[in-house]
Amino acid sequence: MATPLEAMIGQVLDDHYRLDALLGAGGMGAVYRARHTSLQKDVAVKVLHPDIGGDPSISKRFDREAHSASRLDHPNCVRVSDFGTTPDGVKYLVMDLLEGKELGASLGKPWDPAQACVVLDQILAGLEHAHHCGIVHRDLKPENVFMVEDIHGQQVAKIVDFGIAKLLDADGAAEVLTRAGMVFGTPRYMSPEQAAGGKVDERSDLYSAGLLAFELLSGRPPFESDDLAAILRMQIMAPPPPLPTTVPAPLAAWVESLIEKSRHQRPASAELARAQLAELREHLRERSTTARGADGQTDPPIDALGATNELAAADLTAATGELGQAVHAPLPSKPEHMPGHTVAGRFRLIALLGVGGMGAVFRAEDSQTGTPVAVKILHAALADDEELAARFEREAQTASELDHPNIVPVFTHGTTAGAGNLAHYLVMPLLEGVELREVIQAGVGVDPVRAAHLVLQLLHALAHAHAHQVVHRDLKPENVFVIRDGAGNEVVQLVDFGLAKVAEAGASRRALTQFGQVFGTPAYMSPEQCRGEIVDARTDIYATGVILYELLAGHPPFISTDPVTLLRMQLASEPPALPLRVPVALRELVADLLIKDRDRRVPDAITAITAIEAALAGPGSHAQPPPTASGATMFADAPIPAGASHAHSPSPIGIHGAPGASHAHAPTPPGLPLAPASTNKIPRSWLYAGAGVFAILIIIALLPGGSASDGGEQGDDGEQPADTADDNGGNTHRDEPDGAHAKERPKPDGSVYVEIDRLLIARDTATALQVIAQARDEFPEDGGLLWRDGRALALAGGDANRVTALHRYAEAAASEASLAKQTEFEAELRNLLRDKKLRSVAIDVAVRDLGGLGHTFLLEVINDETSTLGYVTRHRIIDELQHDPSMVARMDLRRQLALDLREAADSPTPCGAFSKALDTIVDSDDPYYLDALHDRALRVPDAPGPGEAESACVGLDAKLAKVQGQLAANHPEAAAKATKAAKKKKKKSGPFRGIF
């Protein structure tokens with residue numbers, strides 16, 4: 001039995017280290033204040049949990065990483081002086097005892113930028129040293145940065161806890177010691193590649209350092225949520241919020257360069273990032289620090305950063321095509337911009353259903369057959385990661401080779417043109433149903449007979465996969481889907497073979513790093529999987545036992561918010577007893593499925609199937625009796641749902657209960673939350689598309705709230721709050737006063753939305769518009785109808801229809817503000833706004849009607865160097881955005897001022913505009929404007945505008961010459977270059993561009 005950590009106080013390890021006090025404990029072990037009995041020196045000793053340290057593979061990992069950490073010798077890294085194993089098997093690590101406090105204790109409010117830069121420089125210095133030693137930290141966070149005082153009383157940052165670090169191989173890519181290591185790390189400070197389960201390298205630590213920098217400068221981390229999966233999604237996909245305007249723009253740009261989603265866009269090394277910071281600090285010392293947005297100016301990012309505007313021109317041009325017409329255009333990099341594009345010249349993306357850590361899933365249409373399908377596309381930021389791309393291809397290849405009624409098929413897969421690289425995709429059927437997670441009644445458990453039937457089908461799917469040498473490796477309720485066949489029977493569908501391992505006799509294959517583990521999968525991992533050993537079919541058998549246990553008990557056998565603790569439980573703890581209402585035969589089967597030693601575990605799916613069928617058959621009965629008073633159901637020979645014990649193809653299921661949806665009229669057993677026929681709210685409407693076998697492939701843990709409705713029918717969390725009425729238009733009216741929804745905003749029946757959506761999916765826009773018009777006669781201000789009206793008009797095509805569609809989207813947003821939170825609504829609106837044929841109308845609608853919903857589009861337009869807007873339009877946009885500090889901080893204000901100088905003649909007050917631009921330029925004393933001042937296309941206004949006095953134009957030539965001379969005197973080298981360039985430059989029309 002393992003010695004309790006508290007009881008170790010007073011023990012002496014290896015005759016040298018006396019443990020005096022417990023400083024802290026976690027999932028991996030505990031840290032003690034200790035005394036070196038020979039040197040009479042206080043040290044810190046980290047002890048690995050005995051039940052973990054005794055595992056051979058983890059012991060090997062600990063020794064290797066302890067040895068690597070002991071090579072660190074830098075003032076900004078904690079020093080490891082010794083490590084070893086006691087005679088009774090206790091693994092320990094000896095470090096300097098630091099007297100100070102964690103960096104996290106000093107967070108919560110913004111730091112002075114200069115002080116933050118000092119700490120960041122020290123952190124980067126420590127990382128630079130570690131990386132030169134071949135070590136990536138992988139868990140850099142405020143708790144792992146300790147602030148101590150040096151002999152001069154100065155605060156010094158020391159990086160601690162390299163206990164989950166990974167050695168780098170010769171190529172600089174992290175060598176995988178164990179797959180169990182993937183659960184380690186802190187989601188709030190994880191890099192996108194780490195959150196997605198890809199390889200980590202030095203740039204992963206730089207991302208974490210960038211998150212620390214963000215928190216130091218803003219007082220809060222960029223991504224916050226109580227939901228672990230939500231944070232991981234944000235790390236992978238969400239852009240960070242802007243830093244406060246008090247942060248100098250060059251410093252903000254540097255931080256943004258560290259937290260780029262693609263590691264290839266971050267600084268290549270800690271050494272380079274530190275050099276950039278040094279140049280930045282020197283730059284800030286030379287110039288007075290200017291708060292961004294405080295006076296309408298933004299400090300220029302220094303060249304060393306190589307920072308670029310976050311709104312890539314490629315995304316702008318790729319997303320501007322007419323809805324449904326972008327057949328040959330490369331896919332944009334952002335999922336919300338993809339609807340309307342066609343994948344591989346065949347699959348037209350209609351709507352974004354959901355976004356996960358690996359990719360996004362879309363409702364689509366096969367243009368060759370007219371069949372609705374689901375298309376899954378790997379995130380562009382992950383496409384350049386060979387391991388993640390290989391995993392995605394593995395999922396597609398594996399699923400396409402398996403043909404079983406309880407396994408989701410993949411019709412086809414491949415690559416198509418993307419923004420900057422190839423986009424990986426796979427095509428699946430589209431289907432409506434629920435995930436097994438929703439079938440599980442938390443804390444109660446489902447009827448044992450029903451649980452047995454569901455797991456029986458799962459085992460049939462596994463038996464088929466295992467017969468083809470495929471091990472799933474990530475079985476959990478989120479990867480098991482339940483649909484209805486034509487007879488109303490529950491049919492299980494196994495999804496997500498992204499982690500599948502294809503067994504090869506005699507072959508040694510490098511296992512793909514596991515993706516799901518950081519998302520709660522440790523609760524379903526087998527002991528051998530936790531240890532990082534080679535897995536086989538018995539790993540899936542163990543996970544099936546966990547799922548069956550959870551179905552019967554209402555909760556998994558091991559529960560903890562700490563993934564490392566879950567791993568320990570899987571390795572060493574026995575599951576609690578199942579409720580007595582569970583028949584003995586099932587309890588015994590679960591126990592056999594969950595045996596720690598796989599050599600003693602149920603050997604294969606066929607054996608488990610035999611056991612369940614025997615339990616279901618029971619002693620002689622052929623009918624299923626009702627539950628007993630205690631809730632237990634005695635086993636009888638209940639009919640096994642079609643597809644469980646023999647193959648069949650479920651009948652086609654209509655989308656969202658449309659006509660032909662046979663399941664809508666099938667009886668639903670108590671507790672199974674499938675959609676009724678007239679669906680006002682479709683529970684977790686997971687759509688997979690197609691005929692034949694239907695299923696889902698959206699990973700619930702990675703979707704926003706686990707929902708992917710096609711029309712925004714659900715709230716953000718996928719569940720409807722008791723006090724919130726869902727209107728099937730994506731609107732919950734949470735901002736309205738009590739009773740407003742019921743009294744002021746009557747809603748049409750949900751079946752109206754269903755019928756309209758069905759028509760739009762079939763591209764019968766004419767009939768859809770008729771149905772919408774009839775409904776709007778009764779509900780003229782309904783946001784759901786206005787949205788669908790806009791969607792139908794956009795799909796109908798033609799400039800006039802698309803202009804009207806744009807106005808409908810604006811009316812819908814004004815009618816029901818909650819639509820702005822719907823991903824699909826926002827994506828469709830943005831596609832319309834970006835249609836260059838509608839540019840002038842789009843700008844007008846965005847400025848006049850959309851408010852904050854149109855700001856991102858307006859920012860794109862104002863920062864687009866290819867746009868020719870004119871003075872008046874530019875200032876309409878600037879006037880709208882100036883009230884939004886986050887937009888002002890991201891505007892290229894210097895370029896706008898240069899354009900003001902060039903386009904002053906187009907202003908209603910040309911002379912005043914030209915004079916004002918000169919005044920602002922001379923006040924800035926910025927050499928950037930020298931090119932604008934000396935541009936040969938620059939013309940001084942010679943006539944006043946309407947209502948402008950002629951005196952306003954007097955002396956402008958002299959004023960221009962004075963400003964040119966003043967800046968030239970202050971910046972002679974830059975002035976010489978600008979003058980030389982102006983002499984060589986031919987006169988040309990068009991807006992002045994300056995140096996960009």
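These residue numbers are counts, starting from 1, taken along the chain as shown.
Yeah, the Cβs are placed from backbone N, Cα and C, and that goes for glycine too.
The domain 'Protein kinase' annotation in TrEMBL covers 17-284 (among others).
LYS376 (ATP binding site) falls within a strand segment according to DSSP. Residues or ranges marked as ATP binding site by TrEMBL: LYS46, LYS376.
Per TrEMBL, domain 'Protein kinase' is recorded for 347-616 (among others).
Feature annotation from TrEMBL assigns region 'Disordered' to 618-672 (among others).
According to TrEMBL, the feature compositional bias 'Low complexity' maps to 654-666.
What TrEMBL records for 708-748 (among others) is region 'Disordered'.
Annotation source TrEMBL lists compositional bias 'Acidic residues' at 713-726.
As annotated by TrEMBL, compositional bias 'Basic and acidic residues' applies to 732-748.
Here TrEMBL flags 971-996 (among others) as region 'Disordered'.
The compositional bias 'Basic residues' annotation in TrEMBL covers 980-990.
Neighbour counts were taken at the CB atom with a 10 A radius for the binding-site residues LYS46, LYS376; the maximum falls on LYS376. On the 0 to 100 pLDDT scale, the model's mean across the domain 'Protein kinase' (347-616) is 82.
Taken residue by residue with DSSP, LYS46 (ATP binding site) is part of a strand.
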